[in-house]
Amino acid sequence: MKVVLLVCLVWMMAMMELVSCECWSQADCSDGHCCAGSSFSKNCRPYGGDGEQCEPRNKYEAYSTGCPCEENLMCSVINRCQSA
């Protein structure tokens, strides 16, 4: 019984963490983050650092697999951040 309660508690904490990072648009995210994900599950994610996954910036600020790169980095053709 204690194990079941513990599992439920951990599950609830995980769900609360997921919901707290949820976003609908770029305005929902803090500086240094973008709103990225599928239509039903978008989360605020940090901009890509050197060698990390990225998506090129676009005028709609719509990103599905990753954020644009941090300043002074560019998103390469293989969707990895690299020095500009």
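A Cβ is built for glycine as well, from the same backbone N, Cα and C atoms used for every other residue.
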Second cysteine of the disulfide that Swiss-Prot assigns to Cys69, among Cys44, Cys81: Cys81
Per Swiss-Prot, the disulfide partner of Cys67, chosen from Cys23, Cys29, Cys34, Cys35: Cys34
Cβ-Cβ distance under 8 Å to Cys23 (disulfide bond), same chain, at least six residues away: Cys29, Cys35, Lys42, Asn43, Cys44
Cα separation, Cys34 (disulfide bond) to Cys81 (disulfide bond) (Å, whole number): 15
DSSP three-state assignment (helix, strand or coil) for Cys67 (disulfide bond): coil
Cβ packing number for Cys67 (disulfide bond), 10 Å threshold: 26
